[in-house]
Amino acid sequence: MAKRVKILVVGDLMLDHYIWGSCERISPEAPVQVVKINNETYTLGGAGNVVRNLLSLGANVSVASVLGDDEAGKKIKEKLAELNVKDELILTEKGRESSIKSRIMASHQQVVRIDKESVVKINLEDELVLKVKENLANFKAVLLSDYGKGVLSEKVCQEIINECVKLKIPVLIDPKGSDYSKYKNATLLTPNKKEASEATNLKIKDKAELEKAIKQLKEELNLTYSIITISEEGIALYDDKLHIFAAKAKEVFDVTGAGDTVLATLGYMLANGADIKEAIKIANLAAAVVVAKIGSATASFSEIEQLLNSSFGANFEHKLKSIEELEEILSQKGKKKVVFTNGCFDILHAGHVKYLARARELGDLLVVGLNSDASVKRLKGEARPINSQDDRACVLSGLGFVDYVVIFDEDTPLNLITKIKPDVLVKGADYKGKEVVGSDIVKEVRLIDFVEGKSTTGIIKRIKDAKNDDKK
(Lines of atoms letter the chains of each structure in order from A and count residues from 1; the text may use other names and numbers.)
(Lines give C-alpha, C1' and ligand atoms only; values in the text may rest on other atoms or scores of the structure.)
Protein backbone atom coordinates (compact mmCIF):
# COMPACT_ATOMS: atom_id res chain seq x y z
CA MET A 1 0.00 0.00 0.00
CA ALA A 2 2.93 2.34 0.74
CA LYS A 3 6.72 2.56 0.40
CA ARG A 4 9.51 1.85 2.91
CA VAL A 5 10.22 5.52 3.71
CA LYS A 6 12.73 6.76 6.27
CA ILE A 7 11.16 8.32 9.36
CA LEU A 8 12.83 9.79 12.44
CA VAL A 9 11.33 9.48 15.92
CA VAL A 10 12.58 11.89 18.59
CA GLY A 11 11.40 11.62 22.18
CA ASP A 12 11.30 9.87 25.51
CA LEU A 13 12.36 6.24 25.18
CA MET A 14 11.14 4.00 27.99
CA LEU A 15 11.46 0.38 29.00
CA ASP A 16 8.32 -1.54 29.91
CA HIS A 17 9.22 -4.34 32.31
CA TYR A 18 6.61 -7.03 33.03
CA ILE A 19 7.04 -9.43 35.95
CA TRP A 20 4.64 -12.34 35.42
CA GLY A 21 3.63 -14.50 38.34
CA SER A 22 0.87 -16.10 40.35
CA CYS A 23 -0.71 -15.07 43.63
CA GLU A 24 -1.98 -17.78 45.93
CA ARG A 25 -1.70 -16.28 49.44
CA ILE A 26 -1.54 -13.14 51.57
CA SER A 27 1.70 -12.19 53.29
CA PRO A 28 1.89 -12.86 57.06
CA GLU A 29 3.93 -9.64 57.37
CA ALA A 30 1.30 -7.25 56.00
CA PRO A 31 -2.10 -7.38 54.24
CA VAL A 32 -0.54 -7.67 50.78
CA GLN A 33 -0.43 -10.37 48.12
CA VAL A 34 2.57 -12.67 47.79
CA VAL A 35 3.48 -13.04 44.12
CA LYS A 36 5.52 -16.02 42.97
CA ILE A 37 7.48 -14.93 39.90
CA ASN A 38 7.33 -17.17 36.83
CA ASN A 39 9.06 -15.05 34.19
CA GLU A 40 9.97 -11.51 33.16
CA THR A 41 9.62 -9.73 29.81
CA TYR A 42 10.79 -6.39 28.44
CA THR A 43 9.41 -4.27 25.63
CA LEU A 44 9.93 -0.74 24.34
CA GLY A 45 7.61 1.92 25.72
CA GLY A 46 7.05 5.65 25.23
CA ALA A 47 8.65 6.80 21.98
CA GLY A 48 9.74 3.18 21.56
CA ASN A 49 6.13 2.17 21.00
CA VAL A 50 5.91 4.72 18.16
CA VAL A 51 9.01 3.05 16.70
CA ARG A 52 7.35 -0.37 16.98
CA ASN A 53 4.22 0.93 15.22
CA LEU A 54 6.23 2.45 12.36
CA LEU A 55 8.18 -0.77 11.88
CA SER A 56 4.92 -2.73 11.79
CA LEU A 57 3.70 -0.45 9.00
CA GLY A 58 6.91 -1.05 7.05
CA ALA A 59 8.90 2.14 7.67
CA ASN A 60 12.68 2.43 7.86
CA VAL A 61 12.98 3.96 11.35
CA SER A 62 15.69 5.86 13.21
CA VAL A 63 15.35 7.18 16.74
CA ALA A 64 16.99 10.10 18.54
CA SER A 65 16.90 10.41 22.32
CA VAL A 66 18.93 10.72 25.51
CA LEU A 67 19.34 7.78 27.90
CA GLY A 68 21.11 7.31 31.20
CA ASP A 69 24.31 5.32 31.62
CA ASP A 70 22.45 2.54 33.42
CA GLU A 71 21.13 -0.98 32.92
CA ALA A 72 17.71 0.25 31.72
CA GLY A 73 19.41 2.38 29.05
CA LYS A 74 21.47 -0.61 27.90
CA LYS A 75 18.34 -2.77 27.79
CA ILE A 76 16.51 -0.18 25.66
CA LYS A 77 19.38 -0.23 23.16
CA GLU A 78 19.29 -4.04 23.15
CA LYS A 79 15.55 -4.03 22.36
CA LEU A 80 16.13 -1.52 19.54
CA ALA A 81 18.92 -3.71 18.15
CA GLU A 82 16.55 -6.70 18.16
CA LEU A 83 14.29 -4.63 15.88
CA ASN A 84 17.26 -3.64 13.67
CA VAL A 85 16.93 0.00 14.71
CA LYS A 86 20.32 1.73 15.03
CA ASP A 87 21.17 3.78 18.13
CA GLU A 88 23.63 6.19 16.47
CA LEU A 89 21.37 9.19 17.25
CA ILE A 90 20.93 8.23 20.90
CA LEU A 91 23.10 10.08 23.43
CA THR A 92 24.10 8.87 26.88
CA GLU A 93 23.98 11.34 29.76
CA LYS A 94 26.07 10.44 32.79
CA GLY A 95 24.08 10.28 36.03
CA ARG A 96 20.69 10.34 34.31
CA GLU A 97 18.15 7.60 35.05
CA SER A 98 16.56 5.94 32.02
CA SER A 99 12.79 5.50 32.31
CA ILE A 100 11.67 2.01 33.31
CA LYS A 101 8.13 1.06 34.28
CA SER A 102 7.92 -2.29 36.08
CA ARG A 103 4.53 -3.94 36.28
CA ILE A 104 3.93 -6.95 38.52
CA MET A 105 1.24 -9.10 36.91
CA ALA A 106 -0.50 -11.93 38.79
CA SER A 107 -3.62 -13.94 37.92
CA HIS A 108 -4.25 -11.75 34.84
CA GLN A 109 -4.23 -8.56 36.95
CA GLN A 110 -1.72 -5.75 37.40
CA VAL A 111 -0.82 -5.84 41.11
CA VAL A 112 1.43 -2.78 41.19
CA ARG A 113 3.50 -0.53 38.90
CA ILE A 114 6.90 0.78 39.95
CA ASP A 115 8.39 3.74 38.02
CA LYS A 116 12.09 4.60 38.05
CA GLU A 117 13.03 7.58 35.90
CA SER A 118 14.33 11.12 35.49
CA VAL A 119 11.80 13.78 34.54
CA VAL A 120 14.19 16.74 34.54
CA LYS A 121 15.32 18.46 31.37
CA ILE A 122 18.28 16.82 29.65
CA ASN A 123 21.72 18.46 29.84
CA LEU A 124 22.60 17.46 26.27
CA GLU A 125 20.11 19.70 24.40
CA ASP A 126 22.69 21.21 22.03
CA GLU A 127 24.30 17.85 21.29
CA LEU A 128 20.93 16.20 20.56
CA VAL A 129 19.78 19.05 18.31
CA LEU A 130 23.09 18.95 16.41
CA LYS A 131 22.80 15.18 15.88
CA VAL A 132 19.27 15.54 14.55
CA LYS A 133 20.05 18.49 12.27
CA GLU A 134 23.05 16.72 10.74
CA ASN A 135 20.83 13.84 9.65
CA LEU A 136 17.47 15.53 9.09
CA ALA A 137 17.66 15.73 5.30
CA ASN A 138 17.62 11.91 5.14
CA PHE A 139 14.05 11.63 6.44
CA LYS A 140 10.60 12.02 4.89
CA ALA A 141 8.90 12.77 8.23
CA VAL A 142 9.83 13.49 11.84
CA LEU A 143 7.68 12.40 14.79
CA LEU A 144 8.13 13.94 18.25
CA SER A 145 6.85 11.63 20.98
CA ASP A 146 6.64 13.67 24.19
CA TYR A 147 6.04 11.79 27.43
CA GLY A 148 7.23 14.66 29.63
CA LYS A 149 10.46 12.95 30.73
CA GLY A 150 12.78 15.82 29.76
CA VAL A 151 14.05 14.98 26.27
CA LEU A 152 11.73 17.28 24.33
CA SER A 153 12.47 20.61 25.96
CA GLU A 154 11.29 23.86 24.38
CA LYS A 155 14.73 24.40 22.84
CA VAL A 156 14.89 20.89 21.35
CA CYS A 157 11.34 21.08 19.98
CA GLN A 158 11.66 24.53 18.42
CA GLU A 159 15.08 23.90 16.84
CA ILE A 160 13.89 20.64 15.26
CA ILE A 161 10.53 22.06 14.14
CA ASN A 162 12.10 25.15 12.55
CA GLU A 163 14.67 23.03 10.70
CA CYS A 164 11.90 20.73 9.45
CA VAL A 165 9.95 23.75 8.19
CA LYS A 166 13.03 24.95 6.26
CA LEU A 167 13.50 21.51 4.68
CA LYS A 168 9.74 21.07 4.09
CA ILE A 169 9.67 17.87 6.16
CA PRO A 170 6.38 17.10 7.97
CA VAL A 171 6.82 17.17 11.75
CA LEU A 172 4.06 15.51 13.79
CA ILE A 173 3.83 15.64 17.57
CA ASP A 174 2.11 13.68 20.32
CA PRO A 175 2.03 16.47 22.94
CA LYS A 176 2.33 16.44 26.72
CA GLY A 177 1.36 18.96 29.39
CA SER A 178 -0.86 22.02 29.12
CA ASP A 179 1.60 24.48 27.54
CA TYR A 180 1.81 23.74 23.82
CA SER A 181 3.85 26.85 22.90
CA LYS A 182 6.99 24.74 22.38
CA TYR A 183 5.21 22.96 19.50
CA LYS A 184 4.56 26.15 17.50
CA ASN A 185 4.82 25.84 13.68
CA ALA A 186 4.54 22.03 13.65
CA THR A 187 2.64 20.27 10.88
CA LEU A 188 0.16 18.81 13.36
CA LEU A 189 -0.37 17.67 16.94
CA THR A 190 -2.41 14.65 18.06
CA PRO A 191 -3.89 15.54 21.48
CA ASN A 192 -6.93 13.67 22.73
CA LYS A 193 -10.03 15.53 23.87
CA LYS A 194 -8.90 15.77 27.51
CA GLU A 195 -5.42 17.01 26.57
CA ALA A 196 -6.83 19.57 24.12
CA SER A 197 -9.24 20.80 26.79
CA GLU A 198 -6.37 21.39 29.24
CA ALA A 199 -4.24 23.11 26.59
CA THR A 200 -7.00 25.50 25.49
CA ASN A 201 -8.76 25.98 28.87
CA LEU A 202 -12.00 25.06 27.12
CA LYS A 203 -14.50 22.42 28.21
CA ILE A 204 -15.10 20.26 25.16
CA LYS A 205 -18.57 18.85 25.73
CA ASP A 206 -20.18 19.26 22.31
CA LYS A 207 -19.36 19.81 18.64
CA ALA A 208 -19.36 23.61 18.93
CA GLU A 209 -16.82 23.55 21.77
CA LEU A 210 -14.74 20.98 19.88
CA GLU A 211 -14.59 23.28 16.86
CA LYS A 212 -13.65 26.25 19.04
CA ALA A 213 -10.80 24.33 20.70
CA ILE A 214 -9.41 22.76 17.52
CA LYS A 215 -9.50 26.11 15.70
CA GLN A 216 -7.78 27.82 18.65
CA LEU A 217 -4.93 25.31 18.57
CA LYS A 218 -4.43 25.79 14.83
CA GLU A 219 -4.35 29.58 15.01
CA GLU A 220 -2.33 30.03 18.22
CA LEU A 221 0.32 27.46 17.26
CA ASN A 222 0.34 28.16 13.51
CA LEU A 223 -0.24 24.49 12.71
CA THR A 224 -0.66 23.25 9.14
CA TYR A 225 -3.46 20.98 10.35
CA SER A 226 -5.23 20.83 13.68
CA ILE A 227 -6.29 17.41 14.92
CA ILE A 228 -7.97 16.14 18.08
CA THR A 229 -8.54 12.43 18.66
CA ILE A 230 -12.00 11.90 20.14
CA SER A 231 -11.78 8.28 21.33
CA GLU A 232 -14.72 6.14 20.20
CA GLU A 233 -16.01 8.96 17.96
CA GLY A 234 -12.90 8.98 15.79
CA ILE A 235 -10.61 11.86 14.76
CA ALA A 236 -11.49 15.54 14.30
CA LEU A 237 -9.64 17.69 11.74
CA TYR A 238 -9.72 21.44 11.24
CA ASP A 239 -8.34 23.00 8.06
CA ASP A 240 -10.71 25.77 7.07
CA LYS A 241 -13.63 23.99 8.73
CA LEU A 242 -14.32 21.09 11.09
CA HIS A 243 -14.30 17.52 9.75
CA ILE A 244 -15.02 14.44 11.86
CA PHE A 245 -13.79 11.05 10.65
CA ALA A 246 -15.77 8.31 12.38
CA ALA A 247 -13.90 5.58 14.27
CA LYS A 248 -13.78 2.17 12.58
CA ALA A 249 -13.49 -0.03 15.68
CA LYS A 250 -16.13 -2.78 15.91
CA GLU A 251 -14.99 -3.91 19.36
CA VAL A 252 -12.74 -2.20 21.89
CA PHE A 253 -10.75 -4.42 24.25
CA ASP A 254 -7.84 -2.15 25.18
CA VAL A 255 -6.98 1.44 24.16
CA THR A 256 -3.38 1.18 25.46
CA GLY A 257 -1.00 2.70 22.90
CA ALA A 258 -3.73 3.73 20.45
CA GLY A 259 -2.38 7.30 20.46
CA ASP A 260 1.05 6.04 19.41
CA THR A 261 -0.57 4.10 16.57
CA VAL A 262 -2.42 7.19 15.32
CA LEU A 263 0.76 9.32 15.41
CA ALA A 264 2.81 6.64 13.63
CA THR A 265 0.19 6.02 10.93
CA LEU A 266 -0.38 9.70 10.20
CA GLY A 267 3.38 10.24 9.93
CA TYR A 268 3.84 7.22 7.71
CA MET A 269 1.04 8.23 5.35
CA LEU A 270 2.19 11.87 5.04
CA ALA A 271 5.76 10.66 4.43
CA ASN A 272 4.38 8.61 1.54
CA GLY A 273 2.70 11.65 0.01
CA ALA A 274 -0.88 11.03 1.15
CA ASP A 275 -3.14 14.00 1.76
CA ILE A 276 -4.24 14.64 5.34
CA LYS A 277 -7.76 13.26 4.91
CA GLU A 278 -6.52 9.99 3.42
CA ALA A 279 -3.95 9.75 6.23
CA ILE A 280 -6.63 10.18 8.90
CA LYS A 281 -8.84 7.50 7.33
CA ILE A 282 -5.96 5.00 7.43
CA ALA A 283 -5.05 6.08 10.99
CA ASN A 284 -8.63 5.37 12.07
CA LEU A 285 -8.37 1.87 10.61
CA ALA A 286 -5.01 1.27 12.30
CA ALA A 287 -6.46 2.39 15.63
CA ALA A 288 -9.39 0.00 15.12
CA VAL A 289 -6.93 -2.86 14.69
CA VAL A 290 -4.95 -2.12 17.87
CA VAL A 291 -7.90 -1.46 20.21
CA ALA A 292 -9.25 -4.89 19.26
CA LYS A 293 -6.09 -6.38 20.76
CA ILE A 294 -4.89 -6.48 24.36
CA GLY A 295 -1.88 -4.47 25.54
CA SER A 296 0.27 -1.99 23.60
CA ALA A 297 -0.31 -3.50 20.18
CA THR A 298 0.68 -2.48 16.66
CA ALA A 299 -1.08 -2.62 13.30
CA SER A 300 0.41 -3.89 10.05
CA PHE A 301 -0.76 -2.83 6.61
CA SER A 302 -2.02 -6.35 5.92
CA GLU A 303 -4.29 -6.03 8.97
CA ILE A 304 -5.43 -2.56 7.89
CA GLU A 305 -6.17 -3.82 4.37
CA GLN A 306 -8.13 -6.78 5.71
CA LEU A 307 -10.21 -4.44 7.84
CA LEU A 308 -10.66 -2.07 4.91
CA ASN A 309 -11.70 -4.84 2.51
CA SER A 310 -13.85 -6.88 4.87
CA SER A 311 -17.52 -6.02 5.06
CA PHE A 312 -17.53 -7.49 8.55
CA GLY A 313 -14.35 -5.71 9.68
CA ALA A 314 -13.16 -9.04 11.03
CA ASN A 315 -9.64 -10.40 10.95
CA PHE A 316 -10.47 -14.10 11.09
CA GLU A 317 -7.01 -15.65 11.13
CA HIS A 318 -5.92 -13.43 14.01
CA LYS A 319 -8.54 -15.01 16.27
CA LEU A 320 -6.92 -18.44 16.10
CA LYS A 321 -4.27 -18.69 18.82
CA SER A 322 -2.00 -21.33 20.27
CA ILE A 323 -2.37 -22.10 23.97
CA GLU A 324 0.88 -20.21 24.67
CA GLU A 325 -0.23 -17.13 22.70
CA LEU A 326 -3.61 -17.12 24.42
CA GLU A 327 -2.02 -17.52 27.84
CA GLU A 328 0.09 -14.40 27.25
CA ILE A 329 -2.80 -12.38 25.79
CA LEU A 330 -5.16 -13.17 28.66
CA SER A 331 -2.49 -12.39 31.24
CA GLN A 332 -2.98 -8.75 30.17
CA LYS A 333 -6.78 -8.78 30.17
CA GLY A 334 -7.09 -6.45 33.17
CA LYS A 335 -10.59 -6.47 34.60
CA LYS A 336 -12.20 -8.08 31.57
CA LYS A 337 -14.22 -11.21 32.35
CA VAL A 338 -13.13 -14.18 30.22
CA VAL A 339 -15.76 -16.76 29.27
CA PHE A 340 -14.67 -20.20 28.05
CA THR A 341 -16.55 -23.01 26.35
CA ASN A 342 -15.43 -25.92 24.23
CA GLY A 343 -16.68 -28.47 21.74
CA CYS A 344 -16.21 -30.16 18.37
CA PHE A 345 -18.45 -27.73 16.43
CA ASP A 346 -18.21 -30.06 13.44
CA ILE A 347 -21.11 -28.74 11.37
CA LEU A 348 -21.93 -25.30 12.76
CA HIS A 349 -25.70 -24.82 13.02
CA ALA A 350 -28.21 -22.38 14.52
CA GLY A 351 -28.07 -24.14 17.88
CA HIS A 352 -24.31 -23.60 18.09
CA VAL A 353 -24.60 -19.94 17.10
CA LYS A 354 -27.28 -19.15 19.69
CA TYR A 355 -25.37 -21.06 22.38
CA LEU A 356 -22.14 -19.16 21.68
CA ALA A 357 -23.94 -15.81 21.50
CA ARG A 358 -25.47 -16.42 24.93
CA ALA A 359 -22.08 -17.50 26.30
CA ARG A 360 -20.50 -14.23 25.10
CA GLU A 361 -23.16 -12.25 27.00
CA LEU A 362 -21.77 -13.65 30.27
CA GLY A 363 -18.50 -11.70 30.01
CA ASP A 364 -16.21 -9.47 27.97
CA LEU A 365 -14.19 -12.04 25.99
CA LEU A 366 -15.30 -15.41 24.64
CA VAL A 367 -12.66 -18.10 24.13
CA VAL A 368 -13.74 -21.26 22.30
CA GLY A 369 -11.70 -24.42 22.84
CA LEU A 370 -11.94 -26.57 19.71
CA ASN A 371 -11.27 -30.32 19.73
CA SER A 372 -8.58 -31.26 17.20
CA ASP A 373 -9.34 -33.77 14.43
CA ALA A 374 -7.60 -36.52 16.41
CA SER A 375 -9.57 -35.65 19.52
CA VAL A 376 -12.88 -35.69 17.63
CA LYS A 377 -12.11 -39.12 16.16
CA ARG A 378 -11.48 -40.53 19.61
CA LEU A 379 -14.70 -39.04 20.95
CA LYS A 380 -17.04 -39.44 17.95
CA GLY A 381 -15.58 -42.30 15.89
CA GLU A 382 -13.50 -42.70 12.73
CA ALA A 383 -16.17 -41.13 10.49
CA ARG A 384 -15.80 -37.78 12.25
CA PRO A 385 -15.06 -34.96 11.97
CA ILE A 386 -16.87 -34.04 8.78
CA ASN A 387 -14.92 -30.75 8.60
CA SER A 388 -11.21 -30.41 9.39
CA GLN A 389 -10.03 -28.51 12.46
CA ASP A 390 -8.78 -25.65 10.26
CA ASP A 391 -12.16 -25.31 8.55
CA ARG A 392 -14.03 -25.51 11.86
CA ALA A 393 -11.73 -22.87 13.38
CA CYS A 394 -12.26 -20.59 10.38
CA VAL A 395 -16.06 -20.80 10.65
CA LEU A 396 -16.00 -20.12 14.40
CA SER A 397 -13.66 -17.16 13.88
CA GLY A 398 -16.19 -15.66 11.50
CA LEU A 399 -18.64 -15.15 14.36
CA GLY A 400 -18.37 -11.62 15.71
CA PHE A 401 -19.05 -12.66 19.29
CA VAL A 402 -16.20 -15.20 19.32
CA ASP A 403 -12.98 -13.45 20.35
CA TYR A 404 -10.45 -16.28 20.29
CA VAL A 405 -10.33 -19.89 19.08
CA VAL A 406 -7.76 -22.35 20.43
CA ILE A 407 -7.36 -25.97 19.27
CA PHE A 408 -6.57 -28.63 21.88
CA ASP A 409 -5.61 -32.26 21.27
CA GLU A 410 -6.66 -33.90 24.54
CA ASP A 411 -10.04 -35.54 25.17
CA THR A 412 -10.91 -32.83 27.72
CA PRO A 413 -9.93 -29.15 27.93
CA LEU A 414 -8.57 -29.47 31.49
CA ASN A 415 -4.99 -28.57 30.55
CA LEU A 416 -6.20 -25.60 28.50
CA ILE A 417 -8.47 -24.32 31.29
CA THR A 418 -5.65 -24.71 33.82
CA LYS A 419 -3.34 -22.56 31.70
CA ILE A 420 -5.65 -19.73 30.62
CA LYS A 421 -7.72 -19.62 33.85
CA PRO A 422 -11.03 -18.21 32.51
CA ASP A 423 -13.50 -16.55 34.87
CA VAL A 424 -16.61 -18.33 33.58
CA LEU A 425 -16.90 -21.89 32.24
CA VAL A 426 -19.94 -22.51 30.03
CA LYS A 427 -21.41 -25.91 29.15
CA GLY A 428 -24.70 -27.18 27.77
CA ALA A 429 -27.65 -27.79 30.11
CA ASP A 430 -27.20 -31.54 29.59
CA TYR A 431 -24.34 -31.30 32.11
CA LYS A 432 -26.80 -30.58 34.91
CA GLY A 433 -26.00 -32.93 37.79
CA LYS A 434 -22.74 -34.03 36.14
CA GLU A 435 -19.16 -33.11 36.92
CA VAL A 436 -17.87 -30.31 34.67
CA VAL A 437 -14.17 -30.63 33.85
CA GLY A 438 -12.33 -27.55 35.11
CA SER A 439 -15.08 -26.39 37.46
CA ASP A 440 -12.62 -26.30 40.37
CA ILE A 441 -10.36 -23.85 38.50
CA VAL A 442 -12.86 -21.17 37.45
CA LYS A 443 -14.88 -18.72 39.51
CA GLU A 444 -18.22 -19.64 37.96
CA VAL A 445 -19.86 -22.43 35.92
CA ARG A 446 -22.92 -21.61 33.80
CA LEU A 447 -25.15 -24.09 31.98
CA ILE A 448 -26.99 -22.95 28.85
CA ASP A 449 -29.99 -24.70 27.30
CA PHE A 450 -29.51 -26.04 23.79
CA VAL A 451 -31.92 -25.13 21.00
CA GLU A 452 -34.34 -28.04 20.69
CA GLY A 453 -34.03 -30.11 17.51
CA LYS A 454 -30.66 -28.65 16.51
CA SER A 455 -27.66 -31.01 16.52
CA THR A 456 -24.75 -32.03 14.30
CA THR A 457 -25.76 -35.70 14.61
CA GLY A 458 -29.27 -34.85 13.42
CA ILE A 459 -27.96 -32.92 10.43
CA ILE A 460 -25.66 -35.79 9.41
CA LYS A 461 -28.57 -38.26 9.72
CA ARG A 462 -30.82 -36.10 7.53
CA ILE A 463 -28.07 -35.84 4.89
CA LYS A 464 -27.63 -39.64 4.88
CA ASP A 465 -31.40 -40.19 4.72
CA ALA A 466 -31.65 -37.78 1.79
CA LYS A 467 -28.89 -39.66 -0.07
CA ASN A 468 -30.62 -42.97 0.54
CA ASP A 469 -33.90 -41.51 -0.76
CA ASP A 470 -32.09 -40.38 -3.94
CA LYS A 471 -30.93 -43.96 -4.56
CA LYS A 472 -34.45 -45.36 -4.41
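Quick reminder: no glycine exception, Cβ is built from N, Cα and C everywhere.
For reference, Swiss-Prot has these:
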- 1-315: region 'Ribokinase' (REGION)
- N192, K193, K194, E195: ATP binding site (BINDING)
- D260: active site (ACT_SITE)
- 340-472: region 'Cytidylyltransferase' (REGION)
How many Å lie between the Cα of E195 (ATP binding site) and the Cα of the residue listed as 'active site'? 15
Here's one to test understanding: among the binding-site residues N192, K193, K194, whose C-alpha is closest in space to the C-alpha of D260 (active site)? N192
When you measure from the Cβ of K194 (ATP binding site), which residues in the chain that are at least 6 apart have a Cβ under 8 Å away? none
What is the number of other Cβ atoms found within 10 Å of the Cβ of K193 (ATP binding site)? 19
If you draw a 10 Å sphere around the Cβ of E195 (ATP binding site), how many other Cβ atoms fall inside it, taking every protein chain shown into account? 20
For the recorded ATP site, whose residues are N192, K193, K194, E195, find every other residue on that chain with a C-beta no more than 8 angstroms from the centre of their C-beta atoms, and list them by sequence position. P191, A196, S197, E198, I204, I228, T229
10 Å Cβ neighbour count around the residue listed as 'active site'? 27
Averaged over the region 'Ribokinase' (1-315), the pLDDT of the predicted model comes to 88
Sequence-distant neighbours of N192 (ATP binding site) in its chain (C-beta under 8 A, six or more apart): I228, T229, I230, S231, G259
Does DSSP give E195 (ATP binding site) helix, strand or coil? helix
Work out, from DSSP, the number of helix, strand and coil residues along the region 'Cytidylyltransferase' (340-472). 54 helix, 26 strand, 53 coil
